[in-house]
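Listed in Swiss-Prot for this protein:
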- 55-75: transmembrane segment (TRANSMEM)
- 77-97: transmembrane segment (TRANSMEM)
- 160-180: transmembrane segment (TRANSMEM)
- 207-227: transmembrane segment (TRANSMEM)
- 242-262: transmembrane segment (TRANSMEM)
- 298-318: transmembrane segment (TRANSMEM)
- 323-343: transmembrane segment (TRANSMEM)
- 362-382: transmembrane segment (TRANSMEM)
- 399-419: transmembrane segment (TRANSMEM)
- 428-448: transmembrane segment (TRANSMEM)
- 452-472: transmembrane segment (TRANSMEM)
- 491-511: transmembrane segment (TRANSMEM)
Amino acid sequence: MAYFNQHQSMISKRYLTFFSKSKKKKPFSAGQLIGLILGPLLFLLTLLFFHPQDLPWEGVYVLAITLWIATWWITEAIPIAATSLLPIVLLPLGHILTPEQVSSEYGNDIIFLFLGGFILAIAMERWNLHTRVALTIINLIGASTSKILLGFMVATGFLSMFVSNTAAVMIMIPIGLAIIKEAHDLQEANTNQTSIQKFEKSLVLAIGYAGTIGGLGTLIGTPPLIILKGQYMQHFGHEISFAKWMIVGIPTVIVLLGITWLYLRYVAFRHDLKYLPGGQTLIKQKLDELGKMKYEEKVVQTIFVLASLLWITREFLLKKWEVTSSVADGTIAIFISILLFVIPAKNTEKHRRIIDWEVAKELPWGVLILFGGGLALAKGISESGLAKWLGEQLKSLNGVSPILIVIVITIFVLFLTEVTSNTATATMILPILATLSVAVGVHPLLLMAPAAMAANCAYMLPVGTPPNAIIFGSGKISIKQMASVGFWVNLISAIIIILVVYYVMPIVLGIDINQPLPLK
C-alpha cells in the first residue's frame, strides 16, 4: 500500500507541476496578454463599426460581448470562471436583461444537478468506495494481459460516469503503475522486456482514454453534456432527461471502450505477453488491504443506487405522480446531497457525518460559474435578436447534406478541444449550432449533441484534458506516442459519435432529425 500511496502522491505532484510550468511568477503569459487586450478591443470595434441594417443595436451589443468573452475563454486571459462573471456586469449595462434575469441563470436547475453530482462523487472518494469498486471490477474480469487492460478500462470508464474524469484517472493510475512495477520485479527469464514495455504504455493510455470516454455515459459525467442539456432547454424549451441520455450514452461508452481496447491491445501496442507476472496477485492483495466493506461505504453505495434509480425512473414514473410531477434532475441531486449531510458516520474520528460542509473546499465552484455564465450569455443572445439574425445569415447553408454538416462539426470540435478547454468550447459553440439548426432545417440535437460529445474527446496532447496530463505525468509515455495513438482514437471517436447521433439518438429520444424546432 505504501507503493500505491507513494505513486499517487508522485502523480499528483507531476500533474500539478505540468499545469503550473507556464505560469511561473509572471502575471500574464504572452498569449494571455494578447487575449486580455484583444477581448475588449473586439468589443469596442464591433460596437463602433459593425451595424448591419437587419440587426438591432441590442444584437450588436450582445455580439460584441460574446466576442470579448470568447476571446478571454480561449486565451484564458483571466481564469475562465472569472470571465464567466462578465454577463452579470455587461448584460444589464446594455439593458439586454435585468440583473435578476441574469443572476437567475447562475442558479439554473442544471447547475444544481452538477453540484449534487459532485457532492455524491466526493462522498465516494472520502470513504474510498470508488477504489473498492475499481479493484473489484478488475479482479472479476481476469488475469491475462488482455483482460487486465480491459478491466482497467471498464473500471475507469464506469467511475468517470459518476466522478470527474480527473478523479477516476487519479485513482487508477497508481494501481496501474504498481502492477507494472510488480511485473518488472517478477519478470521471468523467458519474458520479453519489450512486451512488458508495450503493455505498460498501453495500460497507461488505456486508463487515461477510458477516463475521458466514460464521461459520455451520463449527463453528470462531463461538463459539455451538462452544457448541452442547459443550452437545449434555454434555446428550445425542451429537456434531455438523465435516463434517456444514459440509453444513448452508455452504449456509446461500451462501443468506444471496446474498439479503443482492441486498438491499443492488438494494433498500437501489439505484444506476445499473455500473462503479467504478479498482476492478479497484486489486485487481490489491494482488495484484501481494504478489508470488509465499512458502514460508511455501504451508506454511500445505498445513496448512489437510490440516486441512480430516481434519475432513471423520473421520466416515466415520478412525472406521472402529482406530488413528484415537477421534480427535476437537479431536485433529485440536491435531495441526495442533503441525505449525505444528514446521515451520521460511525468513524467519528474521521468525520461526524457522511459529508460535512468541509466538502465546500473540494467543490469545483469555477465550473458551476462557467455553466451559469454560458446560460446567461445564451439568454442574452436569444433576447437581443442576435440568435434570429445569425439564423438568417446561416440560411446559405440550407440544402447542404445534414450528415456532411455533422461530420464537419464533430471533427472540427474534436480537434479544437485538443488545445482549448472542453467546457469553454462547448459553451461557445452550442448556441451557434442551436441557431444553425433552424437555418438548415434540422433538429438541433443533430448538431448540438455531436459537438458536446466531441468536446469531451481529446486524446492527442497532454493539454487536451486533465486525464491526458496525468498519464503524461507518469513518465511512461512521450508526447509523440500520445499524439500518434491519440490521433487514431480521435478518428474512432468521431466515427462512433456520428453513427450514434445519426442513427441511435433519434430512436431513443423520439426525435425527427429533419424536423427543426423554433427558437424560444
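Just so you know, glycine gets a Cβ as well, placed from its N, Cα and C.
Contact between the transmembrane segment (452-472) and the transmembrane segment (323-343) does not hold: fewer than three of their C-beta pairs are under 8 Å, each pair 6 or more apart in sequence. The stretch from 55-75, 77-97, 207-227, 298-318, 428-448 with the most CB pairs below 8 A to the transmembrane segment (362-382) is 77-97. It is 428-448 that, among the stretches 207-227, 399-419, 428-448, forms the most Cβ pairs under 8 Å with the transmembrane segment (55-75). Outside the transmembrane segment (428-448), and at least 6 residues removed from its termini, the chain residues within Cβ reach (under 8 Å) are 70, 73-74, 227-228, 231-232, 235-236, 240, 377-378, 381, 387-388, 390-395, 397-398, 400, 402, 405-406, 409, 413, 455, 501-502, 505-506, 509, 511-519. Within the chain, the transmembrane segment (207-227) has long-range Cβ neighbours (under 8 A, six or more residues past its boundaries) at 110, 113-114, 117, 152-162, 165-166, 168-169, 172-173, 176, 240, 242, 245-246, 249-250, 252-253, 256-257, 260, 264, 329, 333, 367, 370-371, 374, 422-423, 425-427, 430, 452-453, 455-459, 465, 467-468, 470-471, 489, 493.
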